[in-house]
Amino acid sequence: MMNQSLSKPSIPSIPFSSTKPKSLIFFSHPKQSVIIRSKLVDSDNEVVQSSKTQSSNSKLFESENGKSSKGPYPGGGMGVYTGRDPNVKKPEWLRQKAPQGDKFQEVKESLSRLKLNTVCEEAQCPNIGECWNGGGDGIATATIMLLGDTCTRGCRFCAVKTSRNPAPPDPMEPENTAKAIASWGVDYIVLTSVDRDDLPDGGSGHFTRTVEALKSHKPDIMVECLTSDFRGDLNAVTTLVHSGLDVFAHNVETVKRLQRIVRDPRAGYEQSLSVLKHAKLCKAGMITKTSIMLGLGETDEEVRETMADLRAIDVDILTLGQYLQPTPLHLTVKEYVTPAKFAFWKDYGESIGFRYVASGPLVRSSYRAGELFVKTMVREKSNSS
C-alpha cells in the first residue's frame with residue numbers, strides 16, 4: 001500500500017483556470033447542449049453554434065422521430081431531456097472498428113457454448129473487441145453477469161433491461177458458472193450482476209457461492225466482483241468480501257450532484273461510499289475499485305471532489321470513461337471529453353494516491369481488468385498475507 005495522505009488534495013496546485021472552457025456547443029434539445037472540449041486547460045473563448053430551440057418543456061422524453069415516451073425505467077419523469085440529434089456526430093476518437101480477430105471469435109464461441117451471460121454484450125460495451133482479444137498484454141478479459149439479465153433498477157444511463165419482478169435466480173448457476181469458467185482457461189475473471197432488490201440479501205449469497213465454487217475448481221484464478229450496493233446492507237458486503245475474491249468493485253458512477261438524475265433513486269452517493277469503505281475495512285488488504293462516467297454535465301471541481309472522497313476511504317483503483325447514450329430514451333450526452341483531458345485525470349488520480357487509474361474515452365469499469373498491473377497488485381497482496 002502506498003504511503004499517501006487520505007485528506008483532500010490541495011486545489012491550488014491543480015493546473016485549471018476558473019474561466020469557462022473553450023468549446024464547441026451544439027444545441028440538440030431545449031436548454032440542452034453537447035460540448036466538445038478542444039483544449040486540456042480551460043480558456044475564455046467560446047464558439048457557439050445553435051439550432052432552433054423549442055419553447056415548450058412538456059415533451060420530457062424525445063425520440064428521434066419527435067414522439068414522447070416515458071423511457072425504459074420505472075416512473076418515467078426525471079427532469080432532464082433525453083433524445084438524440086442526428087446532426088451531432090461522435091468525435092473521431094470515439095469511433096471504433098467492428099470487433100474481429102481470431103481470439104475474439106474464440107472467446108465469443110466459447111461463451112456461447114458455455115451459456116455464460118456477459119455484461120460486455122448486454123451493456124453494449126465499446127471495448128468488447130479489445131478486451132476479448134486481450135489488448136496489449138494478451139490477457140483476455142470477460143465480465144460474466146450473474147443473477148439473470150434483468151435488473152430491478154432503472155438507471156438512466158444503462159442499456160440492461162429492467163423489471164420489478166425478474167425471474168428467480170438459477171440455484172445451479174454458481175456451480176455451472178464456475179465449471180464453465182474453469183474449463184475456459186482464463187486466469188482473471190470479473191463477476192458482476194444486475195441489481196436484485198427483490199432478493200433479501202440483494203444477491204450477495206449467490207455471488208459468494210459463485211466465488212467459492214470458482215476457487216474450488218481453480219484455486220489460482222483471480223476473481224474481481226463488480227457488485228450492486230445491496231441496498232446499503234453492509235452484512236451482505238461482509239459476506240462477499242470474505243468469499244475469497246481478490247478485488248471488490250462497486251461504481252459511484254457520477255459526481256454527487258448528478259446522482260439522482262443519473263442513477264435509480266434507490267442508489268446514492270453516500271450509500272456507495274459506505275459500501276466501498278466497509279469492503280476495505282472488514283478485511284485487511286482488500287483491493288477496492290470504482291468507476292466514474294464523464295460527459296453527463298459534471299464540472300472539473302466536482303470530479304476532483306469525487307476523487308478526493310474516494311481516496312479518503314482508501315479506494316485503490318479508479319476508472320474514468322466517456323458516457324455514451326445507448327438509446328434515444330436514455331440521458332443525452334452533455335460533453336465529449338477529449339483524450340487529452342482523460343490523460344490529465346489519469347495523471348492527477350495517480351498523483352493523489354490511487355494505485356492504478358485507467359482513464360480514456362472508451363474505458364469502462366471492467367476495462368482490461370486483468371492487465372498486468374492489477375494482477376501484480378493481487379499477487380503482492382496474496383504474498384504478503
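Including glycine, each Cβ sits where the backbone N, Cα and C put it.
The [4Fe-4S] cluster 1 binding site annotation in TrEMBL covers Cys120, Cys125, Cys131, Ser366. The annotation [4Fe-4S] cluster 2 binding site is assigned in TrEMBL to Cys151, Cys155, Cys158. Residues or ranges marked as domain 'Radical SAM core' in TrEMBL: 134-355. The region 'Disordered' feature in TrEMBL is assigned to 40-82.
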Distance [Cα-Cα, Å, rounded] between Cys155 ([4Fe-4S] cluster 2 binding site) and Ser366 ([4Fe-4S] cluster 1 binding site): 18
Pairwise CA distance, Cys158 ([4Fe-4S] cluster 2 binding site) versus Ser366 ([4Fe-4S] cluster 1 binding site), rounded so that it is a whole Å: 15
Integer mean pLDDT for the domain 'Radical SAM core' (134-355): 91
Residues near Cys151 ([4Fe-4S] cluster 2 binding site) in space but at least six apart in sequence (CB under 8 A): Cys158, Val160, Lys161, Thr162, Ser163, Pro166, Val194, Asp195, Arg196
